[in-house]
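J.: Provided herewith is a single structure, encoded as structure tokens, for subsequent inquiry.
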Amino acid sequence: MGKAENYELYQVELGPGPSGDMAAKMSKKKAGRGGGKRKEKLENMKKEMEINDHQLSVAELEQKYQTSATKGLSASLAAELLLRDGPNALRPPRGTPEYVKFARQLAGGLQCLMWVAAAICLIAFAIQASEGDLTTDDNLYLALALIAVVVVTGCFGYYQEFKSTNIIASFKNLVPQQATVIRDGDKFQINADQLVVGDLVEMKGGDRVPADIRILQAQGRKVDNSSLTGESEPQTRSPECTHESPLETRNIAFFSTMCLEGTAQGLVVNTGDRTIIGRIASLASGVENEKTPIAIEIEHFVDIIAGLAILFGATFFIVAMCIGYTFLRAMVFFMAIVVAYVPEGLLATVTVCLSLTAKRLASKNCVVKNLEAVETLGSTSVICSDKTGTLTQNRMTVSHLWFDNHIHSADTTEDQSGQTFDQSSETWRALCRVLTLCNRAAFKSGQDAVPVPKRIVIGDASETALLKFSELTLGNAMGYRERFPKVCEIPFNSTNKFQLSIHTLEDPRDPRHVLVMKGAPERVLERCSSILIKGQELPLDEQWREAFQTAYLSLGGLGERVLGFCQLYLSEKDYPPGYAFDVEAMNFPTSGLSFAGLVSMIDPPRATVPDAVLKCRTAGIRVIMVTGDHPITAKAIAASVGIISEGSETVEDIAARLRVPVDQVNRKDARACVINGMQLKDMDPSELVEALRTHPEMVFARTSPQQKLVIVESCQRLGAIVAVTGDGVNDSPALKKADIGVAMGIAGSDAAKNAADMILLDDNFASIVTGVEQGRLIFDNLKKSIAYTLTKNIPELTPYLIYITVSVPLPLGCITILFIELCTDIFPSVSLAYEKAESDIMHLRPRNPKRDRLVNEPLAAYSYFQIGAIQSFAGFTDYFTAMAQEGWFPLLCVGLRPQWENHHLQDLQDSYGQEWTFGQRLYQQYTCYTVFFISIEMCQIADVLIRKTRRLSAFQQGFFRNRILVIAIVFQVCIGCFLCYCPGMPNIFNFMPIRFQWWLVPMPFGLLIFVYDEIRKLGVRCCPGSWWDQELYY
């Protein structure tokens, strides 16, 4: 058991001890288990991994891991280490049971309120049943209806939401199945999960790296780190330590990254959860989901509703006790008022409105996993976006060329209509020949009908870009190569930093060979003695070297990867046909070459991104780039897409312009700021928050997954609602921590998709703008729906208040209220989700979560005490009219309740002296229920029309633009008619046929509501910022 516990703690700590021995540090944390240490563990995982294996010599590595750089571990030691450390696999967390996920759907803010209301109804049912009250069943039906609403909406939410996020399960797809290992000097294949630290492993192109490995030997080794670090360009791996950071150095290969080409041999230095990828997985799964803004708003709303309900209930409980009711009867009244105050239909309204918006977004390639995330995107004030694959295409493309002493922009379109140089130029032909022949990439067969930019290429990103550019300019690059057969080649390696190949010429009458070379521009130039200018070889003197340096710096400053190209015709005399070229002996010249030109490449921005960033800026949303790529490249892309706006300068730019040291520049003068990972590592949280506050335009480069998470947290400390976009494994912790995580659907890793709340199916950053717009619109429309839904609470509540205090026969029954809440008013309420925006909501600043509430005081006051009061007057006017026309004048109704409800009294006289039996009185009471119901519905038609806008006149918005609302109103009227006049309704739901004139009584009140609201809106529009605006605009 001791070893098992050690393994568990080893995975939690993920750091070395003072001597560099990781196991020693694990034992120190042995007492740190338990829930109380979870936060500390998460903070430890946020820290950068402090390992020094990349800086140790081979002898020191052998000593540290008790291994051999030639024979590997002994089999016995490997077995001991496997027992100590456990398998080389990512340890999945304990999954959330499905019943718990479903239970969460039943326990939100509104759900809890409705559960309490249902419990109160059941208690009231029990009390009334014990007293023999005939209205007992109403409370039972109400309780069952409330429970049904919660369960049905819970099922709906559970169905809509994806299965629970399981971060580490998605990382399993990255784990290789087999690994080539050397133990006791013997080479054999084992399952990758059996690897241990100190194992000597071999890798080749096409393999996935089986663990974190310190490279000992490498030949042409390149790996794809894009999903881990965000770098589009393949990364060279070699035995040399090139950087003090283990994430930056070339002699560490990371677990799960893909080997693109070459071979390598190295020692395993970390396995399983202790690897970089394992650390990210643990970090992502350890981050708790934040409450969404809409969830916070609903909690705030529930607090308001519960507080008002208890206040009113307690007030009238005291009143009932004071006027002589028994305690149990007064308690029943208290419960009835509390339940009447609960908007039973609101939960369904909110769920359906969010679902409709989610469906609308899905049609625009945005899939929402969590319904509440729909509104969150609309509240977003900061977007932290990854660069590679999100803002850019994750596809290297030729961008510029320098030849004949001119820089040309490359046209990578099919028709080549934008090409800015003369393709008949001799220098261009030479440069094109070199970049086509000195290239190992090849098109996958059978793609002749596929457009060149979309063709699949076998090869690394740079050579792919060169091949596609060659295909676009030459027409048939592969056929062109066949005309120049390759006889010799030296692949690119980190020592030489060039690639060389020798070819025979296409002209059979010319028996010469041509040597072509590409590589790092400075390395290629130093092997040249001449330069091609307009097809002529000129001596490479100081003038041309300066011209080269100027062009090189210019292209490099754009954040582009620059390659140099040169050639040399080999004389027939020294290198006749059939000459045996030997790459080991290098029996051919590698100097005295002729420089042809420079080609620069970049992972270009998506075409729609600049416009999307501009729209975000217009909408008051700050876009921050957070990438693992180089600072120069990151800054260049940020400038090209508008994250760094034209004219904005960093501290370094200002210092260069003023020709002063950087430390003499006032940092507050710099609008833009580029911070790399090493700088970020040395900053404390307060410094980072201050930098975010000082510089509106921010770019973070060379960041680790831990740092991305810290950046998100810092933005949240400033009060921002943060959206994070990303596609790589390295983005998953930040995606989980953000208020809303947005993953790429095509290029995104499974880990990123699982951590996110929303997935962009088309990988288009511009789709986020659509999401923001829809999110803002649904917030506005939810506000309207809630205002509409709350208004009728007052005419539903006041009958009970009058019933208790004035002792009139009950004007409105529980079942009738249920039909209002869950039947007739649901459709108009939902139809407001289809309402168009009143103005260009993308020109407004994001809402302030602390100030701009979903349900604020003006909304509650206006809905309850103004429109709700008018509806109550309408209802009582219709009620007393119906009672009077049947012989019960208003003054007689006051205090009538005890006799009216006495089922033993069969001869109660009305105002005309007519005697009424209990059955007749009950029939009249049900008629009054129906009259009050119709009155509310007629006023609610006016209410839904005024809710179309909050500021504009309803005439400006148009009555018939929202056809769904028109249909909902017609449906509402039809339902009302059906309930009133369908045979059998009196016996089933207590609805009675009513006279036509009783439909007309509430209409003047509906007109009053409409006129009153138009006056309110006029004042809001005419007096912005005034008392009228502040108190009456909700």
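Note: Cβ is positioned from N, Cα and C throughout, glycine not excepted.
Relevant sequence annotations retrieved from Swiss-Prot are reproduced here:
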ACT_SITE  Asp386  active site, 4-aspartylphosphate intermediate
BINDING   Asp386, Thr388, Asp727, Asp731  Mg(2+) binding site
COMPBIAS  26-39  compositional bias 'Basic residues'
COMPBIAS  225-239  compositional bias 'Polar residues'
MOD_RES   Tyr7  phosphotyrosine
MOD_RES   Tyr10  phosphotyrosine
MOD_RES   Ser27  phosphoserine
MOD_RES   Ser462  phosphoserine
MOD_RES   Ser600  phosphoserine
MOD_RES   Ser839  phosphoserine
MOD_RES   Ser953  phosphoserine
REGION    13-40  region 'Disordered'
REGION    222-244  region 'Disordered'
TOPO_DOM  2-97  topological domain 'Cytoplasmic'
TOPO_DOM  119-141  topological domain 'Lumenal'
TOPO_DOM  163-298  topological domain 'Cytoplasmic'
TOPO_DOM  319-330  topological domain 'Lumenal'
TOPO_DOM  349-782  topological domain 'Cytoplasmic'
TOPO_DOM  803-812  topological domain 'Lumenal'
TOPO_DOM  834-853  topological domain 'Cytoplasmic'
TOPO_DOM  877-928  topological domain 'Lumenal'
TOPO_DOM  949-962  topological domain 'Cytoplasmic'
TOPO_DOM  982-996  topological domain 'Lumenal'
TOPO_DOM  1018-1034  topological domain 'Cytoplasmic'
TRANSMEM  98-118  transmembrane segment
TRANSMEM  142-162  transmembrane segment
TRANSMEM  299-318  transmembrane segment
TRANSMEM  331-348  transmembrane segment
TRANSMEM  783-802  transmembrane segment
TRANSMEM  813-833  transmembrane segment
TRANSMEM  854-876  transmembrane segment
TRANSMEM  929-948  transmembrane segment
TRANSMEM  963-981  transmembrane segment
TRANSMEM  997-1017  transmembrane segment
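If you look at the structure here, what lies around each of the features I listed?
T.: Asp386 (active site, 4-aspartylphosphate intermediate) is surrounded by 31 other CB atoms, counting those within 10 A of its CB over all protein chains shown.
Just so you know, the Cβ of Asp727 (Mg(2+) binding site) picks up 29 other Cβ atoms within 10 Å once every protein chain is counted.
When other Cβ atoms within 10 Å of the Cβ of Ser462 (phosphoserine) are tallied across all protein chains shown, the result is 22.
Under the DSSP three-state reduction, Ser600 (phosphoserine) is assigned to strand. If you draw a 10 Å sphere around the CB of Ser600 (phosphoserine), it holds 23 other CB atoms from the protein chains shown.
Non-local neighbourhood of Ser839 (phosphoserine): Arg951, Leu952, each in the same chain, at least six residues away, with C-beta under 8 Å from its C-beta.
Less than 8 angstroms from the CB of Ser953 (phosphoserine) sit Glu1014, Lys1017, Leu1018, each of them six or more residues away in the same chain. When secondary structure is read from DSSP and collapsed to three states, Ser953 (phosphoserine) falls in the coil class.
Long-range contacts of the region 'Disordered' (222-244) within the same chain, counting only residues at least 6 positions beyond its ends with a Cβ under 8 Å from a Cβ of the stretch, are 54-55, 209, 215-216, 250-251, 253-254, 256-262, 264, 276-277, 386-389, 392, 394-396, 460-462, 493-495, 561, 603, 627-630, 727-730, 749.
In the predicted model, the topological domain 'Lumenal' (119-141) shows an average pLDDT of 76.
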J.: For the topological domain 'Cytoplasmic' (834-853), give the DSSP counts of helix residues, strand residues and coil residues.
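T.: Per DSSP, the residues of the topological domain 'Cytoplasmic' (834-853) fall into 4 helix, 0 strand, 16 coil.
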J.: Whole-number Å only: compute the distance from the Cα of Ser600 (phosphoserine) to the Cα of Asp727 (Mg(2+) binding site).
T.: 26
J.: How many Å separate the Cα atoms of Asp727 (Mg(2+) binding site) and Ser462 (phosphoserine)?
T.: 21
J.: Assess whether the transmembrane segment (783-802) lies in contact with the transmembrane segment (98-118), where contact requires at least three Cβ pairs under 8 Å among residues 6 or more apart in sequence.
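T.: Contact criterion not met.
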J.: Can at least 3 Cβ pairs under 8 A be found between the transmembrane segment (813-833) and the transmembrane segment (929-948), with each pair 6 or more apart in sequence?
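T.: Yes, since the transmembrane segment (813-833) and the transmembrane segment (929-948) share at least 3 Cβ pairs closer than 8 Å, they count as touching.
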J.: With contact taken as 3 or more Cβ pairs under 8 angstroms (pairs 6 or more apart in sequence), are the transmembrane segment (299-318) and the transmembrane segment (963-981) in contact?
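T.: By the criterion, they do not touch.
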J.: Where among 98-118, 854-876, 963-981, 997-1017 do we find the most Cβ pairs under 8 Å to the transmembrane segment (929-948)?
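T.: Going through each listed stretch, the top one turns out to be 997-1017.
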J.: Measuring Cα to Cα, how many angstrom lie between Ser462 (phosphoserine) and Asp731 (Mg(2+) binding site)?
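T.: Given the Cα positions, Ser462 (phosphoserine) is 24 Å from Asp731 (Mg(2+) binding site).
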J.: Given the binding-site residues Thr388, Asp731, which one's Cβ is surrounded by the fewest other Cβ atoms within 10 Å?
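T.: Among the binding-site residues Thr388, Asp731, the lowest count of other Cβ atoms within 10 Å belongs to Thr388.
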J.: DSSP-wise, what's the residue breakdown of the topological domain 'Lumenal' (119-141) into helix, strand and coil?
T.: 19 helix, 0 strand, 4 coil
J.: Fill in the CA-CA distance, Asp731 (Mg(2+) binding site) to Asp386 (active site, 4-aspartylphosphate intermediate), as an integer in Å.
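T.: Asp731 (Mg(2+) binding site) to Asp386 (active site, 4-aspartylphosphate intermediate), Cα-Cα distance: 8 Å.
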